[in-house]
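Positions annotated as domain 'Fibronectin type-III' by TrEMBL: 1-64, 69-166. TrEMBL lists 153-183 with the feature region 'Disordered'. The annotation compositional bias 'Low complexity' is assigned in TrEMBL to 170-183.
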Amino acid sequence: YQITHRLNATTANTATVEVLAPSARQYTATGLKPESVYLFRITAQTRKGWGEAAEALVVTTEKRDRPQPPSKPVVQQEDVKARSVLLSWEPGSDGLSPVRYYTVQTRELPSGRWALHSTSVSHNASAFVVDRLKPFTSYKFRVKATNDIGDSEFSEESEPLTTLQAGQCPPLGSLSLGPLGTS
């Protein structure tokens with residue numbers, strides 16, 4: 001493996017380069033400046049040559065905090081099915097510590113309790129298919145982010161929505177009817 005790191009504001013020829021043993025699974029960078037942003041790159045070499053580099057921006061700070069909650073999740077009408085919906089949100093501030101995953105909760109209306117749907121929503125996701133829903137049932141949704149410091153508060157609750165009846169087709173965009181209801 002080859003790891004390079006440099007201050008994100010400098011040019012590539014000022015990077016520190018380290019070559020690691022094939023068995024290495026971690027690396028500790030020392031001598032970094034506090035309150036700075038670094039660009040780390042890692043690439044691996046096999047007999048066929050060097051692979052594609054993976055990059056990550058890393059902030060050196062002691063001011064880390066829990067992330068801010070994501071925005072209120074929304075569902076577009078065309079993304080409502082009988083047993084699933086596509087939920088989307090905007091991430092909040094990460095608290096200077098990378099978000100590791102999102103948690104999605106559902107609540108069946110009118111009187112259900114908040115229930116965990118998934119804690120394994122990818123850290124870089126801003127949308128998620130919520131499945132295992134009941135047809136023709138009303139729900140609300142909320143999302144929270146988790147980083148190495150802890151959990152955000154939950155987002156605002158989504159607007160209520162009702163899943164489609166089983167076997168019902170999603171609504172067509174616009175249907176124009178001629179005179180006397182003939183099309």
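Placement of Cβ uses the backbone N, Cα and C atoms for every residue, glycine included.
It should be emphasised that the depicted structure is a prediction, and the values quoted were computed from it without experimental measurement.
Here the domain 'Fibronectin type-III' (69-166) is broken down by DSSP into helix, strand and coil counts: 3 helix, 41 strand, 54 coil. The average pLDDT computed over the domain 'Fibronectin type-III' (1-64) stands at 88.
Residues in the domain 'Fibronectin type-III' (1-64) partition by DSSP class (helix H, G, I; strand E, B; coil) as 3 helix, 29 strand, 32 coil.
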